Ligand SMILES: Nc1nc2c(ncn2[C@@H]2O[C@H](COP(=O)(O)OP(=O)(O)OP(=O)(O)O)[C@@H](O)[C@H]2O)c(=O)[nH]1
Ligand SMILES: [Mg+2]
């Protein structure tokens with residue numbers, strides 16, 4: 001899937017100012033706009049407001065679509081157009097003038113969700129089938145609350161009771177989705193709080209007066225101070241560390257966006273500082289009933305499945321330990 005370069009393309013005078021070869025390239029690539037509109041219409045959830053970022057419905061939702069056969073046909077047609085334009089797409093993406101213009105406008109498509117332009121030879125071909133990794137990198141927006149049953153084998157030496165499947169509830173993070181969370185707070189053993197670090201300089205679409213990171217910290221504040229969650233194990237994933245690393249390397253400065261930071265512009269230092277911020281908020285804002293609650297904080301890049309599997313094992317052990325502590329077994 002191709003990311004959008006900007007909310008709208010160049011118009012009028014802007015197009016006139018393009019060098020002739022880029023103007024020609026633009027003309028040749030125009031069919032992609034149609035492909036994008038069609039795919040967006042087909043794949044997106046019509047109940048979700050249209051945003052520049054494309055989110056897709058889950059397979060379960062898609063299989064309820066009125067005409068799955070026509071969806072497949074249209075997807076194949078879109079694939080044909082993309083395939084036929086592969087070299088033009090490549091030219092555009094590799095063109096230094098285009099890259100400079102993107103940089104000047106502060107647009108970093110390569111850091112966005114589902115970025116595939118470096119993989120054209122693998123993806124813009126008629127036989128392309130998405131890999132697990134591609135699916136992981138696509139944006140699948142959670143609507144409402146989705147429940148998953150996950151078989152978790154017991155850790156060595158653990159009682160088989162703990163081998164029963166765990167119920168995992170994935171809740172949508174957008175502000176409009178948060179009111180659906182409350183009923184799930186009651187009796188929940190643990191919350192994994194995903195805090196993306198890389199959007200420290202990007203405004204929250206729902207409220208551009210705050211950054212994503214500012215919103216994340218406010219949300220963490222709210223979660224830690226909720227009395228209903230006083231006995232809930234809280235696990236924080238300081239996520240998107242890979243993207244944070246790229247962003248810091250490209251020269252965007254954490255210090256310019258996050259008040260109070262005086263450390264180095266380097267991912268390790270930023271992660272340590274954020275870990276302390278999360279712990280500090282939990283320490284000062286938790287209700288008295290949460291006294292002694294353990295807060296686990298992990299730096300993660302969850303698209304790295306191998307490393308995440310290791311983290312999840314440790315999360316599982318932590319949850320079991322807390323569970324046992326609670327039951328006064330230890
Ligand atoms: N590179 C990188 N991409 C990530 C990481 N974590 C998530 N993403 C990507 O970020 C996008 C958003 O992920 P989602 O799982 O849809 O985000 P979410 O937080 O669940 O969003 P909602 O469902 O709206 O609450 C996807 O394209 C993911 O592949 C990460 O650690 N590194
Ligand atoms: Mg989600």
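Every residue, even glycine, has its Cβ placed from backbone N, Cα and C.
TrEMBL labels come from automatic prediction, so no person has curated them.
What TrEMBL lists as GTP binding site is 136, 137, 138, 139, 140, 141, 142, 239, 240, 241, 242. What TrEMBL records for 142 is Mg(2+) binding site.
Taken in sequence order, the binding-site residues 136, 138, 142, 240, 242 that lie near ligand 2, meaning a CB under 6 Å from one of its atoms, are 142. Summarising the GTP site geometry, the residues cited as binding it (136, 137, 138, 139, 140, 141, 142, 239, 240, 241, 242) extend over a maximum Cα to Cα distance of 22 Å. The DSSP secondary structure for residue 242 (GTP binding site) is helix. Counting every protein chain shown, the number of other Cβ atoms lying within 10 Å of the Cβ of residue 136 (GTP binding site) is 15.
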